[in-house]
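Working notes, beginning with the structure itself.
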Ligand code: RIB
């Protein structure tokens, strides 16, 4: 089987819940503070590994206790961490996650996530990359390194995927290195100027994303499910109906499972069905990596709850 190779961020998430988000200058009571492993790159790697495919993470942590905990946690979930570097001069990435009414707002201190240059990523790819593997990146690491990494992965014959999160402009040349682009609603609007709020705008947005260069564009729509344009085919997937506890890492789960489905040879329709179910389970639980389901859990849910 082919591998999923993620180049991406590792953060320790410091999460707290409150009745609502505070206004400017306001202090409000909260509850349920907890510390748990996150980071978009690491979360997506965990989702792929829990789906049962060989998954490697190229990234960096600081030389500190959070870094130790993140690396050992990932290894426990089955992510191969030999190419996670230790940045001596900066701290591990930290995300402060404010949760209210099932939604979240995140403030990020990237720390070591910005420490890697293309030489380190290439040394990881030299060890890991094989033609036909999936290379998956996001935008929480250094942008120049991310673009060069996409180029390098493409030159090695990998299938390149990017999740444009958090949204920021990428150089025009980067689009020519991307096979599959994944965005949520706000990222979609930031990238192509179209907010996908009804079926027509979903299609227009996907067409606009594909016009930038990728063969496949996928947009996640929260409770309205997800949609894709793949090799000219429009695909629509409903969301699972779950009681939402915390949406943190639900999008990462979706993308990691799509990457796993790609290396497993599943169709995009099948991949989106699994990804949607896995993301729904993640949203029904609290936390980031700890809430991501295994393939067995997704299979059981599809059989027992969806009667499939
Ligand atoms: O996508 C969710 C993740 O975003 C959190 O785990 C947090 O670390 C931020 O990177």
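A Cβ is built for glycine as well, from the same backbone N, Cα and C atoms used for every other residue.
Going through 140, 148 against TrEMBL, the one listed in the substrate site together with 11, 12, 13, 39, 40, 41, 42, 43, 252 turns out to be 140. Counting only same-chain residues at least 6 apart in sequence, those with a Cβ under 8 Å from the Cβ of residue 287 (K(+) binding site) are 13, 15, 34, 36, 246, 248, 249. Residue 40 (substrate binding site) and residue 252 (active site, proton acceptor) are 6 Å apart (CA-CA, integer value). The two recorded residues residue 282 (K(+) binding site) and residue 184 (ATP binding site) have their Cα atoms spaced 16 Å from each other.
Annotation for the binding-site residues 11, 291: lowest Cβ count within 10 Å of the residue's own Cβ, 291.
Annotated pair residue 285 (K(+) binding site) and residue 140 (substrate binding site), C-alpha to C-alpha distance, rounded: 24 Å.
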